[in-house]
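For reference, the structure discussed in these notes is given below.
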């Protein structure tokens, strides 16, 4: 609908039309704001529009000029979108045919900050300018699917029959979102939204993979200058090959962050149990150890892992439980620390995360405590 402008004169049975000079009209136009006028009936609204078209309208009030620019007439609800001077609203509200007048307020897409992101105090670190810029993070998982809330820089696949990094399972995309979901007013927010994110597919669409594939993924991370490798995967059995790969990646400068496991047992799973992997357990909203989270002497640190909302394939979002969900919180905070201290080694970053963690008590249950982005970026 074309924009229509009508002159309204508020006054008892007084119907006139006044011409403004161009300078006055321009000033009046600049003073106008957008409003929505709701009418009690559709028919009455149509009569109102006809009067605007004819530059005629009257209401019982003190005589004063009211000018309305009609922007849109809804045909399924009795509402008009208009522009008018805010000072004229009171006069229009005296019309008994008008049910309400409200500002045509701005509405934006809503971004949710998941509880875990707040719990590790990532938004405070981000407000200081630490968002992971310049830090390369590899997610060794089921791949990462394209998503409006993720910026993927590249990656590689080491799963036979699945040559690209697209995620046929969903797990890797969820992990990636906790690390790196963009600060873009949609969906969710990650711990380190500006990291350089890489998908390294070592698990197939079924959610499983081989030791050789995971070792190749670690080799890729080392050879391609990754600063951090997130491994939200594990096994109850150790592997000499896997341990060598973790050790070599660490020697190459990669901080390997791994999930402690989900059996609830009092020992840490593999590869998190290896000395050169940072073992991450899970906590709930009450800072208790999640019942499924494996624990023990080898546990380094904990992070939120219950009801973690993040990205999933298909531009969607969902909530999950697991130490797999806790681990990317730690990987993300590690990226913030690396940005703040670019010369620090992976060993320095690991120690710093442990030294700045929030003490939750029993070290067997919680390691050094809850990862704390605010304290880690002071």
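The first residue you see is number 1, and the count goes up from there.
From the backbone N, Cα and C atoms, a Cβ is placed for every residue, glycine too.
Per Swiss-Prot, active site, charge relay system is recorded for 141, 171, 324, and the stated evidence type is sequence analysis. Swiss-Prot lists 111, 149, 182, 184, 186, 188 with the feature Ca(2+) 1 binding site, giving similarity to another entry as the kind of evidence. The Ca(2+) 2 binding site feature in Swiss-Prot is assigned to 272, 274, 277; the stated evidence is similarity to another entry. Per Swiss-Prot, domain 'Peptidase S8' is recorded for 114-377, and the stated evidence type is sequence analysis. Look at Swiss-Prot and you will find 1-27 tagged as signal peptide.
Here the features listed in Swiss-Prot are placed on the structure.
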residue : record                           : Cβ contacts under 8 Å, 6 or more apart
111     : Ca(2+) 1 binding site            : 183, 184, 185, 186, 187, 188, 189
141     : active site, charge relay system : 167, 171, 172, 175, 176, 199, 200, 201, 202, 203, 230, 231, 232, 233
149     : Ca(2+) 1 binding site            : 177, 181, 182, 184, 186, 187, 188, 311, 315
272     : Ca(2+) 2 binding site            : 231, 234, 258, 259, 260, 261, 278, 279, 280, 298
274     : Ca(2+) 2 binding site            : 238, 242, 243, 246, 247, 258
277     : Ca(2+) 2 binding site            : 231, 246, 256, 257, 258, 271
Checklist entry - Between the recorded positions 171, 184, 186, where is the Cβ count within 10 Å the lowest? => result 184
Checklist entry - Near residue 324 (active site, charge relay system), how many other Cβ atoms are within 10 Å of its Cβ? => result 27
Checklist outcome for this item: The average per-residue pLDDT within the domain 'Peptidase S8' (114-377) comes out at 98
Item to check | Remaining residues near the recorded Ca(2+) 2 site, that is with C-beta within 8 Å of the centroid of the site residues 272, 274, 277 | outcome: 231, 246, 256, 258, 268, 270, 271, 273, 275, 276, 278, 279, 298
